[in-house]
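This report refers to the structure that appears directly beneath it.
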Amino acid sequence: MGLTKQYLRYVASAVFGLIGSQKGNIVFVTLRGEKGRYVAVPACEHVFIWDLRKGEKILILQGLKQEVTCLCPSPDGLHLAVGYDDGSIRIFSLLSGEGNVTFNGHKAGITTLKYDQLGGRLASGSKDTDVIVWDVINESGLYRLKGHKDAITQALFLREKNLLVTSGKDTVVKWWDLDTQHCFKTMVGHRTEVWGLVLVSEEKRLITGASDSELRAWDITYLQEIEDLEEPKPKKIKGSSPGIQDTLETEDGTLEMDEAPEDRILSCRKAGSIMREGRDRVVNLAVDKTGRILACHGTDSVLELFCILSKEEIHKKMDKKMKKARKKAKLNSCKGEEEDPEINVEMTLQDEIQRVTNIKTSAKIKSFDLIHSPQGELKAVFLLQNNLVELYSFNPSLPTPQPVRTNRITIGGHRSDVRTLSFSSDNIAVLSASADSVKIWNRSTLQCIRTMTCEYALCSFFVPGDRQVIIGTKTGKLQLYDLASGNLLETIDAHDGALWSMSLSPDQRGFVTGGADKAVKFWDFELVKDENSTQKRLSVKQTRTLQLDEDVLYVSYSPNQKLLAVSLLDCTVKIFYVDTLKFFLSLYGHKLPVICMDISYDGALIATGSADRNVKIWGLDFGDCHKSLFAHDDSVMYLQFVPKSHLFFTAGKDHKIKQWDADRFEHIQTLEGHHQEIWCLAVSPSGDYVVSSSHDKSLRLWERTREPLILEEEREMEREAEYEESVAKEDQPAVPGETQGDSYFAGKKTIETVKAAERIMEAIELYREETAKMKEHKAICKAAGKEVPLPTNPILMASGNISVSKMCNSFSLVIQSELEESLLVLPFSYVPDILKLFNEFMQLGSDVELICRCLFFLLRIHFGQITSNQMLVPVIEKLRETTISKVSQVRDVIGFNMAGLDYLKRECEAKSEVMFFADATSHLEEKKRKRKKREKLILTLT
């Protein structure tokens, strides 16, 4: 085989220009013991931790590929649970920034995550309609709750009782008893999707938000409390009377049948509604930690805040109402009207829940979080639609609280999509421009070093010398900026329509522009006298115009400056001589207009990318099409050659960047990372860096490594990735129309679980071989009458001459959260050997908890086969004895340690009390001494 052409691999280097992405929610996190200063925001596949005070990014929790959809901090503030678009959940440590635990159980994106009060369990809801409860400490799934018919929108644990309440897009709210893992109540009082729910008033009231402007409140009465009141009620026929306990009145007055009284744990009754000011759906509904402030927002930029009054405040309010009513009655009696002997004042929901204020943000709200500061202020942080984070604070105890914006994070990104990118000639500065601003970034530090306001930018370049930049806008203007001062030097009306494209001339003395007014204009740089100073400044002047029949979409100079390529709206590319502006060639073949093109460094090739998803490579000498490549699954948005080569990059609306070889017409590699359409890219003059921008608001930097890329290996890796994806997806049923049985377990089959099962099988096979060898060896020794050296297995030697039982302990290498799924994949033929090994491990006393977990799981799933196998009876008997003794040993050790820790705790407390009293005594002595001194001083003075 001859030497293949080698390419160098480009890899993802950084994500920047992004403050927070829209899919997930913003949350306050505790870092370095400080609350209310740091926030976690989703940033495509990563999570960024921002310092609100300094406006700096201080930590990045690295994701893999999928976009972040949900965040939830643990109650102790040490961990952050992150839900992803593919249904996986990772738990990151905020101290180290590492994701130690991964849960795979959902088939679609995570929509809600909630910890219980102690942080030991985590409930996750997903678009796949399932709710899974995970054991965070044991790193395993506990159970899956099925019942909703559409995506889950919220899940909440109750503090006092082992219950879970969930809401979904299927218009229902479900109550789950977690002891029995079944749904004991379904509330059907909503006409539309339930988007959010919160528990308030010591979990005696549930407030739900739907697709209308009402917030519905439901009173919750727990059955135990009803029984405690000891009010015997006569039996009633269901539906005969609107009793709270037996029936639930829905909004339209119909009565909802409840479960049988013995199945009921609680009952719900609609208490009323609070009207929001917003007319659209509730997007987020939340309550602060104290349960006093209720906040919600719709699809607009207003957060509405309500205060939930305490019992004392309600009593005061009702007393005031009563006084008013009596006064009114007195006045009426004075006027001669009859006095009503009984004055009744009814308590409404509006008396219990009061509107506090509204917070108006600068753009549409995507998500928010609330926190109380020690000073008694309430802080609200918002993630806005335009890539912005804002912090507001107000004092809820004031009669009319005024929210004040205290911080905002803006400098790290654009407010709208970046439409044009350019590199400076020294590869150090990167220009990005959007609908309202131009930013200059330092490529090595990724810091924004200049921000300048502009009109809607479509194209840009650095003026030779890298001291000025020129922007072409949607209104047809050219804007010239000075980088040192950040000032707009000049605005020139260049075209009557959008200025779609600009190309710097190879001699660097001018440039050419093409616009929607069907004209191509040539410009030269010149120095003009500045009115404000004695020095001259840079300006541009128009020299020539080429008028065409169609809108110009893209212009490009050939490197020798002899030819100019112009892409037109009629799907062709026309090539003209630069000096005479005479027509030379027409390249036609694309079915839709050519959006982007580039000419290679030697002027031999021109590559064109079109909205018809194809890239065509043409020769510039005769205009012949060398090859047409089906490049992307959607429009090709940008195309650029790597300097000094015939390799080029294309960017598509299919979220991918691809590298191609224009000589061999081969696809080299795909750069995946963006989650939305890619608008543009720029290759650095050295070819070492590529920067790209996308509709997901992120800018991504890709770096050329020294690692050679071999095409055959690349294709092989792609095929492997495809296979792994197909393994991860559940096997399709063989019979058409047959539906698969629902998974009982919380986990799901992934490529990792399959690999883990294979590792266990390999270890068991090795164990079988080695035990057979040992038997043979003993027989040989017996026959020879002396000790013969035992041949060692190369695998065991490579692992450091470990024993076979150690090698077999590959269970401890399996990720804890995937253990059950890995054991589920194992064929039964391996189970007898595993059980024998478990007995050995138990006797050694290694990993008792882990072995018990595996053992009980295997017994549960292979119960029938194990009990019917006579050979396994002695093994199970032995296991029973060793397991009971070892588990009780572990329990005793834990008990001893607990008692020791309790003793140490008491000692510490006693010491600290002694210290406290000692401090107080010394403080008192000091005071007495000072007083005596003062008295002496007064005496001497008198």
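For all residues, glycine too, the Cβ spot is worked out from N, Cα and C.
Curation plays no part in TrEMBL annotations; they are all automatic predictions.
Feature annotations, reproduced from TrEMBL:
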DOMAIN    816-906  domain 'Small-subunit processome Utp12'
REPEAT    61-102  repeat 'WD'
REPEAT    103-144  repeat 'WD'
REPEAT    145-186  repeat 'WD'
REPEAT    187-228  repeat 'WD'
REPEAT    411-451  repeat 'WD'
REPEAT    492-526  repeat 'WD'
REPEAT    587-628  repeat 'WD'
REPEAT    629-670  repeat 'WD'
REPEAT    671-703  repeat 'WD'
Residues from the same chain, set at least six apart from the ends of the repeat 'WD' (587-628), whose C-beta lies under 8 A from its own: 553-554, 556-560, 562-563, 565, 567-575, 634-641, 643-646, 648, 650, 652, 660, 662, 665
Residue counts (helix, strand, coil, in that order) that DSSP gives for the repeat 'WD' (411-451): 0 helix, 19 strand, 22 coil
Among 61-102, 103-144, 145-186, 187-228, 492-526, stretch most in contact with the repeat 'WD' (671-703) (C-beta, under 8 angstroms): 61-102
The domain 'Small-subunit processome Utp12' (816-906) - residue tally per DSSP class, helix then strand then coil: 84 helix, 0 strand, 7 coil
Beyond the flanks of the repeat 'WD' (145-186) by at least 6 residues, Cβ under 8 Å: 111-112, 114-117, 121, 123-127, 129-133, 192-199, 203, 206, 208, 210, 222, 258-259, 263-266, 268, 285, 742
Mean per-residue pLDDT computed across the repeat 'WD' (145-186): 93
